[in-house]
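Residues annotated as ATP binding site in Swiss-Prot, with sequence analysis given as evidence: GLY8, ARG9, SER10, GLY11, SER12, GLY13, LYS14, SER15. What Swiss-Prot records for ASP60, ALA61, ARG62, ASN63 is GTP binding site.
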Amino acid sequence: MRLIIVSGRSGSGKSTALDVLEDSGFYCIDNLPAGLLPQLAENALINTELLQPKVAVSIDARNLPSHLMRFPELLEEARARHIQCDVLYLDADEEVLLKRFSETRRRHPLTNANRSLAEAIRVESDLLGPIADLADLKIDTTNLNLYQLRDSIKLRLLNQPEPGTAFLVESFGFKRGMPVDADLVFDVRCLPNPYWKPELREHSGLDQPVIDYLAAQPDVEDMYNDISSYLLKWLPRFAASNRAYVTIAIGCTGGHHRSVYITERLGQQLQQTLKNVQVRHRDL
């Protein structure tokens, strides 16, 4: 049986995550009281007619604070029943969360006459801290639209052909911010930039003219070889430490040329030696 626990601050995309999982065959339960997590796991194992072998639940800040504080203990009880449990934590910048609530005119569950929306968001962050600390996978939805979030969840949680650590090699542009869910970040902004070549500007690192240009630059080759050597040596150690997810982020200025080229090459090489390697270009 597989159990996915979805959590995160309000407005970060939990409902979308549950919709994706339900569309993928999961039996979904919204706003499960955290204290019922071990009981749910036990019932799912005993009564397979009632529940599917794939279950997803959301746990949010409407739970009793005492139950949220006990989340590490409750999760351990569920895992002790030999259930594959993945904790997905969604989040976004506070400014973006404020904007989303303003646009949708929804009420935050923790606001009241004495607590503003901004204060409610900060309180919620503290309440969900025990869950965030144990997340197997964190997804920052700050720069993701609805469709990108759906694709990201499918890529990271559902498209794993084999068990083991799931690796994501992701390109990004620093001008749109670093991905906060990255485990390893490599900055390639020091490399020659195709953007300043008028004939290359409108192309991306996926296009042959840019590939040919960057492949001919000695510094690009040196940078690629150094990053590749580091990852080939150390990523197996991450896998051996039972990490469920590892994200490697490669950043350049705009996320269109250098980072895309390096990410594509790294992804292709890592796929030859590691299982479950995915490639994503955040800003293309």
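Keep in mind that glycine also has a Cβ here, set from the backbone N, Cα and C atoms.
Everything Swiss-Prot records as a feature, shown here on the structure.
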{"residue": "ARG9", "record": "ATP binding site", "DSSP class": "coil"}
{"residue": "SER15", "record": "ATP binding site", "DSSP class": "helix"}
{"residue": "ASP60", "record": "GTP binding site", "DSSP class": "coil"}
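Geometry remark: SER10 (ATP binding site) versus ASP60 (GTP binding site), CA distance 8 Å. Comparing CA positions across the binding-site residues ASP60, ALA61, ARG62, ASN63, the one lying closest to LYS14 (ATP binding site) turns out to be ASP60. For the binding-site residues SER12, SER15, ASN63, the ranking by surrounding Cβ atoms (within 10 Å, all protein chains) places SER12 first. Of GLY8, GLY11, SER12, GLY13, SER15, all annotated as binding-site residues, the residue with the shortest Cα distance to ARG62 (GTP binding site) is GLY8. The GTP site, placed at the center of the C-beta atoms of ASP60, ALA61, ARG62, ASN63, has further neighbours from the same chain whose C-beta lies within 8 angstroms: ASN31, ILE59, LEU68, PRO109, GLU124, LEU127, LEU128.
Neighbour density at the Cβ, taken as the number of other Cβ atoms within 10 Å, is lowest among the binding-site residues ARG9, LYS14, ARG62 for ARG62. The two recorded residues GLY13 (ATP binding site) and ASP60 (GTP binding site) have their Cα atoms spaced 12 Å from each other.
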